[in-house]
Amino acid sequence: SAAALALLLCAGQVIALPVNSPMNKGDTEVMKCIVEVISDTLSKPSPMPVSQECFETLRGDERILSILRHQNLLKELQDLALQGAKERSHQQKKQSSYEDELSEVLEKQNDQAELKEGTEEASSKEAAEKRGDSKEVEKNDEDADGAKPQASLEPPXXXEAEDQTPGEEEAASTHPLASLPSKKRPGAQAEEDHEGPSQGPVDREKGPSAEQGPQAEREEEEEAEAGEKAVPEEEGPRSEAFDSHPSLGYKEMQRGWPQAPAMDGAGKTGAEEAQPPEGKGAREHSRQEEEEETAGAPQGLFRGGKRGEPAQEEEERLSEEWENAKRWSKMDRLAKELTAEKRLQGEEEEEEEEEDPDRSMKLSFRAPAYGFRGPGLQLRRGWRPSSREDSVEAGLPLQVRXYLEEKKEEEGSANRRPEDQELESLSAIEAELEKVAPQLQSLRRG
């Protein structure tokens, strides 16, 4: 048994011993060469050179070559990774620069919008201040108008209306200018009142048996002289008031219309009574409409003395809207009245030419005085240009319409400014985005 155990041990040792084969020899040589290379790299102060045989063995071994190739591949991958990181950082810098540019553009646009809003607010404040000043002037003028004595005009007007003869009525009917209401100053009223009573006794002495033609001509001449005397007094202050504030003069003219029958001369009240039925009905209808509108208007517009506190915002806004609506309605109504009066005047002049040709010649020579006198006389006579049939806005109405058109243009431009700003900002943003879009697409593709 002991011998068997000894044999087994010997057999195991024999089996465990390596067999010298050509492959094992090559591997051992490669290992030795690797050891030499490692020892050479580690012993740099005192290098141990590698033999030429080791170099040849290492270069000829495929395993070493594959390892070296793999190492080169790793280096290449590392280089690619570094390049990608650099490109990414560069792209991020570009994107940040584009974002900064966009933010700067947006900030500039916001600053411009704020500046425009500031200028608009300043302009709106200035306009509001101007409106407040104009309303204060209106209040002062209305207070002064309310203080004027008007009751003294009624007795002479009634006495002269009774003393009028049929000749006077016929003469008054030839003047359609007296049918339109107008507002006069106390100086012209006093002159006409002085002339009215002086004419009364003469008419009573003559009686209805006097001739109607010469009497009518004389009355027309006296009325023309009184108008020429009153015009220089009226043209100075009234033209200044209208030039300084067109809407104020227009309002005063509107306010003076309902009071015209009491303030106009005695001969003119008689002329209104002697008008044909059609013209009189049209005038009464228009006067009733004006009185209804003035009664329905806010009190703060026409009577500044009734306001307990100066300037209420809500009342001012309502009054402005009501004024704008009333102006256009007044212009339309006035145009209709003018056309009706011109028609009546044409018919009456034709009748008078048939009756008295000499008188028609005098009227034709006197007619240009109404056309070239200026806005003062046209307003006092009822605001009616005689030789301009196609323009209702002659004289003062031209200023009124120009003022209204400028006001509407300002309001329209103020409403359009915010919309234009928004459109400009949107177009600028779209242009910037279109510039940036291709660059972003190229970055994404890369």
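Placed from the backbone N, Cα and C atoms, the Cβ positions cover glycine too.
Source: prediction; values computed, not measured.
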In Swiss-Prot, the member of Gly26, Gly304, Gly382 to which glycine amide is assigned: Gly304
Second cysteine of the disulfide that Swiss-Prot assigns to Cys54, among Cys10, Cys33: Cys33
Cβ neighbours within the same chain of Cys54 (disulfide bond) - under 8 Å, at least six residues apart: Lys32, Cys33, Glu36, Val37
DSSP-derived helix, strand and coil totals, residue by residue, for the compositional bias 'Basic and acidic residues' (319-346): 28 helix, 0 strand, 0 coil
Helix-strand-coil residue split for the compositional bias 'Basic and acidic residues' (105-138), DSSP-based: 34 helix, 0 strand, 0 coil
Inter-residue C-alpha distance, Ser427 (phosphoserine) and Ser319 (phosphoserine) (nearest angstrom): 40
